[in-house]
Each structure stands twice: as structure tokens, then as C-alpha cells.
Amino acid sequence: MLPETMPVCPVRGSVIYPTMVMPIDAGRPISIRAIDEALARDRVLLIVSQRDKEVETPRPSDLFEVGTACNILKMRKNPDGSVQVLVQAFARVRVREWLDLGDHLEARGEVLADEPGEPILVKALVREVKDKFQALLKEGKYLAPEVAQFILNLEDPSQLADYVAFHMDFRLEDKQKVLETANVAERLRAVLVLLEAELALIETQRRIQQQVKEEIDRNQREYFLREQMKAIQRELHGEEGEQEVEEFRRKLEALDLPPVVRQEVERELNRFARMHPDSAEASVIRTYLDWIVNLPWNTRTEDNLDLERAKEILERDHYGLEKVKDRVLEYLAVRKLKAERAKRGEIPPDEVNKGPILLFVGPPGVGKTSIAKSIAEALGRKYVRVSLGGVRDESDIRGHRRTYIGAMPGRIIQGLRQAGTKNPVFLLDEVDKLGISYQGDPAAALLEVLDPAQNKEFVDHYLGVPFDLSEVMFICTANFPQNIPAPLYDRMEPIEFTSYTEQEKLEIAKRYLLPRQLKENGLEPEQVVVTEAALTRLITHYTREAGVRQLEREIGALLRKAARRILEEGKKRVRITEKDLEAYLGPPRFLPETEAREPQVGVATGMYYTPVGGDIMFVEVSVMPGKGNLILTGQLGDVMKESARAALSYAKKNALRFGIPLEKFDKSDIHIHVPAGAIPKEGPSAGVALVSALVSALTEVPVRHDIAMTGEITLTGRVLPIGGVKEKVLGARRAGIREVILPKLNEPDLADIPKPLRQNMTFHFVEHLDQVLDLALVGGLKALEERGRRSRSARRKKELVAHA
């Protein structure tokens, strides 16, 4: 019979079975207290195994639910405070309730009685267990002879299973399962399975040992042959060739190469070992092996995916470009989430590196290359830049075959060797300027490089073996994305870099360009002061660009002249104001267009956009006696000429409505001119300005001078959307115009313009040319239509008089 409650003594790493007599060492307070309680009562102690042996003070949840009830036979206290007890186990016990008394644990439980199985089955299992046990002893499992014989002589099936489980090196969980199994047949079967697994493990170990022995024998044989070869090589070529081969061999053994690569490289190394070091082919193989051992096959940097740090770096190095920064941070956020899921085993590790190839699109000097460098710094990766401008040979990407003299790997492999890691940020600059020739299409070669489904096994012609590019973060840049072949462009995600506004250029000049140029020209900040007004005039009158490269050059020129003044005139401080610029840099190089001073007949203010920014332009129309010819000047492109013809057709169609005599078109020549004739002009966006100027010239109604317009037109009078809204509006603002006509469908594009720059400006969004003429002409559309009505009335009266 079991007591109502029993003190619990947790044990670590072992399981006790009924009928066993064994000593227990107890050093933990929770165990010593339990033993004291048992001795004070009926000397019955419940011994239970811990699930985790690292837990120092176990609670009920840390213990298994089946233990062994034991009688304490003897107890001895040690000088260090620990105790040793001799116990005899007498029953399996399943705990029904735990009692946590603070300084020790107690439990209420019930005896887990043996369930005898089918006699024939039990007898067979007993025989099998003893056979496997003996087989293990023969395989070298050491047990004291008297212990082994005692186990083999056991007749009780229950005790046989328990004693075998106790003396074998089974896992704690397996031993506990044997303790928890009440059915004797099932318990024997569980022990039999464990014995067979142990025998299988021993057989596997024996097979491994045999393989290792054979490998050692083969290595010894190879070593012997290699030493013979070395001796022959020394006789033929001296010590230098042998040392070189050994050096390559040591480096290759230190590399964790894929099997296919190792096989090919060892073949080349063996060929090299048999050659004279000074032969031409040996030189080719030597260069090849040098490339192989210096490539980062498994060297990588650990990604730093701290978004706050990345944001700080982007803000530190670049002003503006908010959309670009947001997209870069989104890209890093996705990589971080993927990396966390891969660590949890939810997605394969290869999925982490899969993602869009970023394509930075924009005019020169707007920060495409520098932001790629900032991304590398934010990620903690190496940075490599390869310029593809003018590349016309496929071998520049894939490498040259080794049959050619002076063959080298392609730029991709060269860049990876330069980086020293297999996961750098790799910038492919000017990808839109790739050429094509009889030597192949490098853009087609890039398809394999940039395709995540293929670049895991990119084969450079020079290497001749696959190299994994899947961990490389490729970023491309381009000025004109329309020049990129469609299959290549399809693999990229374009991110547009727009030209900087004047305000952005001013901030960039103050924060980055001026301090950098001061440092490069050996000046201290207190030696030269450039006023904000001077910088603004420098931007508007001495540069015309989308980025800030020319601006930095002009600042550099300004500071060099200031440095000369400091030395020649002995000045301690030079202050450069707006008025001083001409003395330092000469007369202004660019004079921005400004609004006309008063309304004029036949002159409308349009807007244009180039990669270096936007501005206004004047569309001039003159009507003169002639034969109905349309004259177009000002270097107009084909599309702009078509817009002019469409404007003329619209004017003819609405001639009576606007009071224009139809015969005027046949008896007059119409001359359309767009000033700055040396500059080519193209695009459909001047359509509304052409119509306004043309109708004004034909009706002699002036066009307002304080309003600028842009938009494509149709023959039916619809106004269609155009591009470059931000640059055009900023150009108009710079020219002093505060009222702008835009297509209705371009209304969302205003969000790209900074809010402070939209203030004090009026925007009219139109869908039809009637709305344009109502806004652009003095007096509006009503005055124009009234003129038409008067003209038609006068014509009818004239016809009636002539008829009478």
C-alpha cells in the first residue's frame, strides 16, 4: 500500500525501476528536504526523473508523471551537507496530484500494476530480448560479467525488460517510456526496438570505420605516389614548381567548393602539376587557379536590417528623394521579414534573396549612384560598381574562353573578386547604354545574371564552372529606360529619380556641396562665407541641369578664386554675395525665360521639360498675306509639327464660331515659330499653346501674358495628359508665372510638387480647348464667340444686300 502522500525526490539523467536496490546522491535542498520528510514518516520516497536536467529547482511541470516508489534502507550525511541514501524500489507510481510545499514537493498517486501479456508472445519476446542483449555484449558493449549473467538468468519478463533498459545507454525519454509501460509484452517490445536500434547504430559505426580505414589507406597510397611525383618534379623543374602546386592545393583544401567545381579544379591542378612551370599552358592554368582560389565561394557579410539605421544613413547622405527613400526602406523591410521567416523554417533560405532588381531611372547627377552606395552601407555589405556604358561585347559580361590569349573573367566575376564577398551590393551603372555588335549582345547576357531563377548557377566562360549569384543584390541605373531591351527591362522594378527643384538644390549646396568643396580646396568654413542669395543665383544663372554636378563644379571654381584672394591679398575672411558672382565667374551663362510684360496677339506661353529641368517657352504665330501655306520654324520635331497641323485643323473647323473668315486661310500664310531656334523641340505637349496662339493671331484677340499652359490636343478639342508636370510647373514659377493650365488627367501629378512651392499658384484643370481659350484669351471664350456671332451676322447682311 502507498501512503496518502509521498515526498518527491527529483533525479537527473536516470530512471529507477521496481525491485532495484541502488544508492542516490542528493545535494539540492529540495531533494534533501524530501528525504528528511520520508525518514520522519514511513521511509517511503517517490523518485521521479526530470524532463530537463539543467533545471536546478524543478517544479511539477518539470517532472515526468510516472515515477518509482522506494523504501529508504540507509542514509548517510556527507561533510559538504549532501546526503546519500540506499533505496529499494518496489512499485511504479502514476502521480494523480502534485503538492508544491515550497521547500519540497509531495505527490498523491496510484500503483501502476503490471499487465501480463499473452504468454506465448511474452515468451518469444523474452527470447528475442536476450538474443539481442547477448549480441550487443559480443559487439563490445561492456557490462560486468556478473551483471550480464544476472540479467540473462532473469526469468521474470517484467524484471528482464526493466534491467536491460536500466543498463543500456538509451535516451532518458526511452527509459522513461519503459517505466511508463504497464503491459509487459509492450514493454518487452519497446526494449527490443531499442536494442535493435543500438545494433543498427553499431553496424553503421563499423561501416563508417571501415570506410575511414579505406580512405586512410587510399590517402596513404596517394601520398606515397605524390611524394614520388614531387621527387620527379624536383629533378625536372626544381623546388619552385613543387611549392607552387602545394600552395594551390592548400588553398583549395581550405575552400568549401561545390563538388562539380572541386572536380574540375582538381583536374586542372593535376594537369598543372605535370607541366613545366615555364610552359605557355602552365601560365594559363596558373592564372585560372589563381582566380578560382581568390573568389568568395562562401565568404559573405551578415546583413544589418535595422530600418532606423538605414533611414538615418539615407537622410544623412541625401536630401529630398522621399519617394526613392521610402521604396528602398520598403525593400529592406521585406528582406527583414523574409529573413525572420527563414530563421523559423517557414520559408527556404533561398527565398530571402529573391526580390525585384531595382532600376534607378533619372537624369544625370540626381543621386542614383550615391544612393546605391548608401544602401550598401545601411545593409553592412560590400559595394561594387561596374559601368556598362559603351559595352558591346557579350564577353564583358560572361567572360572570355580560356582558349584566347589574355582571356579574363567577365565584369560580374571580376566585381565579386574585388568585393571579396558573395553577397555585395552590385551596381550595374548606365545599363541603358549597352551596345550590340557582331560579338554578341551583352544585354542578352545580363538576362541570366539578373534572373533569380537562373543566376544560382551562372557560368562564366572563363571559369567554366557554375558560380552562385543568388545572394548578390543587383541595382541598375539608367537615364533613358526606353533604350533598355524589353526582356531585360521586364526583370527590373523602375524607381524614378526626378530632377531637383531650386529649393532642393539650394539645401544640397548648403548641406553637402559647399562643405565638401571647402574641404577639397583646403579652406576652413570661417574663411569663406557664401550667402544664400549667391547660391540661389549660382543655381539659376550659372547652371542648367537636373542634378547638382555642374553646381558643385561652379562652387569649386568660386572657392578656388576665393582661396587665391586669401593668399594674395592676405584676407582672413572672404564673403561672397550675389553681386560678387560676375567678378568671380563672369557673366551669367543662362538667362531664364521670364513672363511677357503685357498680353500680345499671337503669342502664347507654353511649358517644356528636358532632363535638366523645366522652363517656359513662347509660341509665336504670325498671319500674313499669302497662299494658305503653313510655315514652321524653330527646329520643331515631327510630333510637334503634327500638333501644329492639328491646331490649324481645329481653328479651321471652328472658324465661323470664332468669327474667322474661311477665305482667310486660303489667302494667308501662317507662320508658327518657337524661339531659341538652335535648340531642337519635340513632343505633343505644346498643343494647347499652339491653338491659343493660332486662334489669337487669326482673331487678333490678345493672349494673357500671366498664364502658362501645357497639354496635348485632338481634332475634336479634347485635352490629353502629358508628362513632366513637376518640372514644367517649377519652370513656370521660376519665370514669375503664378497661373497654369493643365490637363484634368494630370491633376494627381501635383502631389509630386512640394507643398510650399504650390502655394501662391493657381492651377486650372481642363478637359477641352474651349476651357483653355476661355482662360487664355483676353475677354475669354464669350468675347470670342460674340465676335463670331457679329461676324456671321455681318456676313449674312452682306449676302442679303448682294442678293438684292
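The backbone N, Cα and C atoms fix where each Cβ goes, and this holds for glycine too.
Features of the protein shown, as given by Swiss-Prot:
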- Ser685: active site (ACT_SITE)
- Lys728: active site (ACT_SITE)
- Gly362, Pro363, Pro364, Gly365, Val366, Gly367, Lys368, Thr369: ATP binding site (BINDING)
- 6-199: domain 'Lon N-terminal' (DOMAIN)
- 598-779: domain 'Lon proteolytic' (DOMAIN)
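Location within the structure of each feature annotated in Swiss-Prot.
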residue	record	Cβ neighbours (10 Å)
Gly362	ATP binding site	23
Pro363	ATP binding site	20
Pro364	ATP binding site	17
Gly365	ATP binding site	21
Val366	ATP binding site	28
Gly367	ATP binding site	22
Lys368	ATP binding site	26
Thr369	ATP binding site	17
Ser685	active site	27
Lys728	active site	27
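Summary of the ATP site environment: with the site residues Gly362, Pro363, Pro364, Gly365, Val366, Gly367, Lys368, Thr369 set aside, the chain residues having Cβ atoms within 8 Å of the Cβ mean position are Phe360, Thr477, Asn479, Phe497, Ala546, Gly547. Checked against Ser685 (active site) by C-alpha proximity, the binding-site residues Gly362, Pro364, Gly365, Lys368, Thr369 yield Gly362 as the nearest. Mean pLDDT, taken over the domain 'Lon N-terminal' (6-199), works out to 88 on the 0 to 100 scale.
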